[in-house]
Every structure is written in C-alpha cells, then in structure tokens.
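These notes concern the structure reproduced below.
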Amino acid sequence: MRWLTGFTLGLLTAVGGFLDIGDLVANSVVGSRFGMTLAWVVPVGLVGLMLFTEMSARVTATTGRGTFDLVRERLGPRVGLANLLASYLITFLTFAAQLGGMALALELASGIHYLLWVPVAAAFVWIVLWRLSFERMEKTYGILGLALVVFGVALWMLGPDWGVLLEDAASFAPPAQEGPAVWWYYAIALFGAAMTPYTVLFFSSGGVEEKWGPRDLATAKVNVFFGLPLGGLLSLCIMACAAVVLMPAGIQVSDLGQVALPVVSVLGKVGLIVVILGFVAATFGASLESGLSAAYAVSQYFGWRWGKALPPEKAPYFHLVIMVSLLAGVLFMLTGLDPITVTEYSLVFSAAALPLTYLPIFVVANDRGYLGDRVNSRFTNILGSLYLVLLCAVSVAAVPLMVYTKAGQ
Amino acid sequence: MSDRDDGAVFRIGFTVLDRQIVDAEGVNVAKVDDVEFTWTSGELPAMTALVGDTAALGPRIAGRLGGFWETVLARLRPPDEEPTRIPVGDVERFVPATVLSTPAPRGMRPLEDWLGRRVLARIPGGRR
C-alpha cells in the first residue's frame, strides 16, 4: 500500500512539475497565433526530455551523484566553469520568469498590481526553501498543479472539430497569415519550454537528496515514462484551447489572463478559480525547482555541502546562493520588465544552451567506470545521438532567429 | 585502494582531479582542486596529498581569468590558514567519488563555517 501511494504521488508530481510558466505561455501564444500547426514540437521535445531524464536518473541511482558534480569532473574546470556560468544565467532567468508568473497569477486572483506581489511571492519561496522538507515540498505543489487538468476539461466542453485540429497538427506549415521564420522561432521557444534544462538538473539532484539507490530506479522510470507524457498532453490541451478560442477571435496572448480565457469562457467563475490555483501552484513549484537548481549547480561545481536535507547552518554557501538568486530575481522583476517577455526570452536562451546540459549527461551515461553494466543501450545511444544533433542545430539557430524575427514580432 | 589492487592504469586527470571528496560520515569536504607530489632523490615521484583549495583552480582555468581568480581567492584566505591537504593515505577509494576513511579535517573552510555559525544559524529555523 505504501508502495502504491509513493508511486501515485511520484506520478502526480511529474505531471504537475512538467508545467511551468514557460509551458503555459509558450503553448498559449503558439496556439493563438499558429493554431495546432506547431503541435508536433511537443512530442519531439517530450521524447528528448524523457530520454535524458531517464539517463540522469540512472546515473544518480547508480552513483549517488548529481549532474553538475559530474560536469566538472568530465569537462575539466575551465569548460565546466563556462558551462556553469551559462547554466546559472539561464536557470536564473527562468527563475525570475516564474516569480513574475506567480505574481501575475496572484494579480489575476486579487486585482492588486503584480509588482506588489513579486516580493511576497519571493518571500513564500524563501520560507519553503528554508524550512520545509524536500518530500513535503515536492508533493504539495505537484498535486495542486494538477488543477491545470481544467484545460483538458475546458477543451472537451468547447467541443472543437477534432478533425480540423488533427489536420492542422499534421500540416507542418505555418498558417497563411504568418511567415516561416516566425513559425520556426516559436518552434524553438516551444522546444525550449518542453526540454527546460533545470528539470533534469532538479530531477537528478532531487534523487541525491532522496538518497535513491538502484532499487528506486524502477519507480523513477515509471514517473519519467508515464508522468512526463501526461504533462505533455496537458500542454497540448492548453495549445488547443488557445487555438479554438483565441485564434478565431484574433486575441494575442500578452498576459496570464488571456491564457486563462478559454477556460473562463466555458467554465465561468469556477473555471477561473481552478485555473488560477493551477497557475499559482505550477509557477510556485517551478520557482522552487529552478531556485534550487541554480544553487545545486554552483554548489556541485565547487564541492560545497549542499541540499535541503541538511539544516541551513550546515550548508551555508548553498543557502547563500539561494538567497542571493532570490534577491537578484526580485530586483530583476521589479525593474518592470514584462514577465511574459522575460519568459519568452528565457525559453529561447534555454534552447540555445540545451547541449550544455545534455551532452555531459550523455557522456557519463555511457561510462562503464560510473555505471558498470547499466550504461546506455544501443537503442538509447542511437536516439540520444540523433537528439544531440537536433539540440546543436536548435542551439545554433535560436539566437540568429530571435534577432531576425525581432523576437517573434 | 581498489584501483591499484586491480593493477589497472591509474590516471590522475581522470580518476583524481575534480572529483568530489566525501568524508567518512558522508559529508562533502571539497573538490580535488589540485594534487601534491613528493619527490625524494633516488625514488620515483609519488602522489602524497589531495589539495582542496579553490584558489588552486586558477592556474587550471588558465588565461587572464585564471590568474585573476588565483590572486583574488588567495588574498581572501586568512593569512594563517593553509589550503587543505588531505594525505593520500586517508583515501579509502577514488571511484565514483573520493571517499575518506577519516572525518573531514577541522577548520578547513573558515569562511563557510563562520557564515553558517554566525549568520545563518541566527535566522529562525537555521538550525532546524
């Protein structure tokens, strides 16, 4: 029975944890501008995420070590440092975007301007990171995040013409009024949203915190192979909702209210309450995860004591990095930068930096010195190599496309 | 040290440098930032200690940044503190992490300890 509850909870966590402000915004923007024509990106990103998350779960369960711990070891101090800087900056940008997203969701609930909510949201995040145990933290927001299932319900009640949606999804071409450059630009943003690097970083370090051994590998795999696809399905629902409601009305998504609009249009006030609950839970969870990931990366590079399992007094540098990142994140958002823009930028920069996170995982997952006979199978390696080529192509194209399309205008 | 017993080739760059050092109680001590060799005339040089010293990373990062790194971090160290040396004899195994057979040497990270004791421990919940 305990095994069953542990299993269900893990699964729910994976579903709730997959969605963050990046997925909410990217899927909604894409749905409202391009209909379902970019739906193919979600499964492509999802398979990649599953592939590399499973690898890092295997590495963590076998060696008891987090991703960044191995990055410096395998890449050396110089390249490792460059990797750390890039990863930290991107995780920080993602983190700031989550804080902004949470503030926007709270504005939606209260009517109080989001800038006033930013410090409050950050204070909540800090209290949880300072005091709550790892497991309790993970489960709470994972389950509340499931409120986003309301997008699935709304889509069902909207009763769209499924045939048209499918036809759109299979067309593999931008709709008439949009050019190919912008279409590809948003494909990259969506890909960045699905494969967000902090997810893997958090997953592997979280495994170390929960002291995974080889016996936990089966549970972790179930979570990866069932939980993440359910999360992906939810993000497709968000895209479809936007495609059905927002696109025909010509509404451009520029804040969270418009993301929620399709749900509100069919489910009314109850829908609004549930969707706001889901927004807050998803962004709150993602702020915790990305904030921790930033501190995990730095601590693991330098070999400091780290982890939420230790009292803060015993892991001072780790908590110092968390506090400094939080403070910097608050100041960054208080400059008045639009949270939705910050989110879109964080997605594209994440996409540009994808190989930095995933290449070292791939190298280590093939090393018998670490994994013995649990190294990658030939199938995993073929698929992994294909994905690395794809990641490099995305990485090279991301920033030039951003400049060329003026960030998707 | 299992690696030696097997008679396997032992590459310092691969097996020792940049690995996490964990003490007998499972607490993170440092990364192996550098290694120390001793060479007595007439004998072969031998690795005698692991050095955990973030300043020692400077030359390994190389270039102007590396030089700057080394200077600044060496200056930040209190004058009577030496970089942490861990005698190779204390190492139980090198793979997958460097595990020591002894507890971590005391007072090896003065700034980190001070921060924990004097600042973080005073914030409510810091000791948990």
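Along the chain as shown, the residues are counted starting at 1.
Cβ atoms are placed via backbone N, Cα and C, with glycine included.
If you look up TrEMBL, you'll see A:33-52 (among others) marked as transmembrane segment.
Residues or ranges marked as transmembrane segment in TrEMBL: A:81-106 (among others).
Residues or ranges marked as transmembrane segment in TrEMBL: A:112-129 (among others). Below 8 angstroms of C-beta separation, residues 99-100, 102-104, 106, 137, 284, 287-288, 291-292, 308, 319, 322-323, 326-327, 329-330, 333-334, 336, 339 of the same chain, each at least six residues beyond the ends of the transmembrane segment (A:112-129), sit close to that stretch.
Among the features that TrEMBL reports, transmembrane segment is placed at A:141-159 (among others). Sequence-distant contacts of the transmembrane segment (A:141-159) (same chain, at least 6 residues past either end, Cβ-Cβ under 8 Å): 9, 12-17, 19, 233-234, 237-238, 240-241, 244-245, 262-263, 265-267, 271, 274-275, 277-282, 284-285, 288.
What TrEMBL records for A:183-203 (among others) is transmembrane segment.
Nonlocal intrachain contacts for the transmembrane segment (A:224-251), taken as residues 6+ away from its ends with a CB within less than 8 angstroms of a stretch CB, comprise 10-19, 23-24, 27-33, 35-36, 38-39, 42-43, 45-46, 49-50, 53-54, 57, 148-149, 151-152, 154-155, 158, 160, 165, 168, 193-194, 258-259, 261-263, 265. The transmembrane segment annotation in TrEMBL covers A:224-251 (among others).
According to TrEMBL, the feature transmembrane segment maps to A:271-296 (among others).
The transmembrane segment annotation in TrEMBL covers A:317-335 (among others).
Residues 22, 25-26, 48, 52, 55-56, 58-59, 67, 70-71, 74-75, 83, 86-87, 89-90, 93-94, 185, 188-193, 195-197, 200-201, 371, 375-376, 380, 384, 387-388, 391-392, 394-395, 398-399, 402, 407 of the same chain, all 6+ positions outside the transmembrane segment (A:347-365), place their C-beta atoms under 8 angstroms from a C-beta of that stretch. Here TrEMBL flags A:347-365 (among others) as transmembrane segment.
Annotation comment: TrEMBL describes A:386-404 (among others) as transmembrane segment. Panel annotation: around the transmembrane segment (A:386-404), residues 44, 47-48, 51-52, 181, 184-185, 188, 191-192, 348-349, 351-355, 358-359, 362 of the same chain, lying at least six beyond its termini, place a Cβ under 8 Å from a Cβ of the stretch.
Within its own chain, the transmembrane segment (A:183-203) is flanked in space by residues 17-18, 20, 22-23, 25-27, 29-30, 33-34, 37-38, 41-42, 44-46, 48-49, 52-53, 56-57, 66-68, 87, 90-91, 94, 174, 232, 235, 289-290, 292-294, 296-297, 344, 347-351, 353-354, 356-358, 361, 394, 397-398, 401-402, 404-405, 407-408, which lie at least six positions past its ends and keep a Cβ under 8 Å from the stretch.
Counting C-beta pairs under 8 angstroms (sequence separation of 6 or more), the transmembrane segment (A:317-335) fails to reach the transmembrane segment (A:33-52), with fewer than 3 such pairs. Under 8 Å from some Cβ of the transmembrane segment (A:271-296) lie the Cβ atoms of residues 16-17, 19-22, 24, 66, 68, 88, 91-92, 94-95, 98-99, 101-102, 104-106, 108-109, 121, 124-125, 128-129, 137, 141-142, 144-151, 154, 198-199, 201-202, 205, 256, 259-260, 263-264, 306, 308, 318-319, 321-322, 325-326, 329, all in the same chain and six or more residues away from its ends.
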